[in-house]
Amino acid sequence: MGIHTIKMPDIGEGIAEVELVEWHVKPGDTVVEDQLLADVMTDKATVQVPSPVDGKVVSLGGAVGEVMAVGSELIRLEVEGAGNATAARPSGRASAGAAAAGVQATGTPATTGDTVSPAAMPAVGRGQTPEGRSSHASSSRSATGIAVATDTAGKDVSKQADAPSRDSPPFKPVTPAGAVRKPGERPLASPAVRKRAWDLGIPLQYVAGTGAAGRISHADLDAYVAQGANAAAASSGRGAAYLPREGEKQIPVIGLRRKIAQKMQESKRRIPHFTYVEEVDVTELEALRERLNAQWAGQRGKLTILPFLARAMVLAVREFPQINARFDDDNGVVTHYDAVHMGIAAQTDAGLMVPVMRHAEAHDLWSCAAEIKRLADAARNGNAARDELSGSTITLTSLGPLGGIVSTPVINHPEVGIVGVNRIVERPVILNGAVVARKIMNLSSSFDHRVVDGMHAAEFIQRIRGYLECPAMLFIE
């Protein structure tokens, strides 16, 4: 048996370091060639690292959330034959990283002259393990000790098991007196049990645990409820919804969420935002959209308002090229683009992503609608290519029915403009001396005031408004 050391692979594009966002294995696991080992994140995408060999995991080289240099040790495997390194004791960094990830690194004998090789070429996005398990299924093994980026990731420091405060009526326990713990004694229970107890309004202080060392299980909660815990709470004059809660949870900001935080901070710190809001009468546009959808139902994809707005932006930037631009503020250079590479802000389970529709000027309504849907689905499914997540020259953002009346969108640095869509509402409007119902939508847009004058920004939005209020103009060159 030998040791095979896998290095953090070179993702390319001059990237020197990546963030470790998820482990799919833990020490002691047996892996096969091409099985996913870890997810790492660059500035542009999440990349999956597969195993180049069969073997058994000896130690992990870092903790979830750690930023690691390309070429640093990622993982050690015990393999048949000599491997590519003599058996070695994991470095202090590897051991500490494994411990921080919630696992205990397995030590191996001392080594000299390690020769290591990088992992096989990583795959972009989410995929399947050789056994057919999804990456989500792999991450569910966090219950065995791996700290992964799932809904339950994070350090649980809940204090919800504490007894009620002295200012509130005492909770009347229905379990045996021995179940009441001493002051300061923390009940033992898994995060899932604690969450369920929280939802039920049951202080774990009063629940008898039947597991090892008095650990409380779901069955113990069921037994407590069956004995009338809710009735006891009601008899105290306060329902479960009014019991005092004192829990807290610390959630590490890692992976995509960290990238979003850094990007937003950079944008607000570097760019003096100028926000301009205008209302648009989209009654005629909505009527046209509904007619087109009815006429082409079953033959073409459904049109939302976004393809019309994208077309209006494409036409408007021809008159205002300074808005379809990127500003290199380090070198003091603004670059105007003839091509419109439009970022489409998309909300995903992992956070906000901005896939890019290349050459929006070359799309008609239906191809634009299809491309927007494809990019949004790819972002939400985690399989957007790296080059689909960068290079935009202007961004379109929409919260759909949650759009509100007004918003203040944040510019996607180094772009200089972003157009935001608010929800459509029916409002009374005076038209030709009569009060009529019209469909009104606000556009909330932000611009980099260093390179876009307020007058030009306002004229740009007014031009978009003109196209949307007279939709026939969208198709006249």
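Each residue's number is its place along the chain shown, starting with 1.
The backbone N, Cα and C atoms fix where each Cβ goes, glycine too.
As annotated by TrEMBL, domain 'Lipoyl-binding' applies to 3-78. Sequence annotations record features per position, and here TrEMBL assigns compositional bias 'Low complexity' to 99-113. Among the features that TrEMBL reports, region 'Disordered' is placed at 99-190. The domain 'Peripheral subunit-binding (PSBD)' annotation in TrEMBL covers 188-225.
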Report task. List the helix, strand and coil residue totals of the domain 'Peripheral subunit-binding (PSBD)' (188-225) as derived from DSSP. Result -> 24 helix, 2 strand, 12 coil
Requested in this report: Count up the helix, strand and coil residues in the domain 'Lipoyl-binding' (3-78) according to DSSP, in that order.
Outcome: 0 helix, 40 strand, 36 coil
Report task. Please work out the mean pLDDT for the residues of the domain 'Peripheral subunit-binding (PSBD)' (188-225). Result -> 86
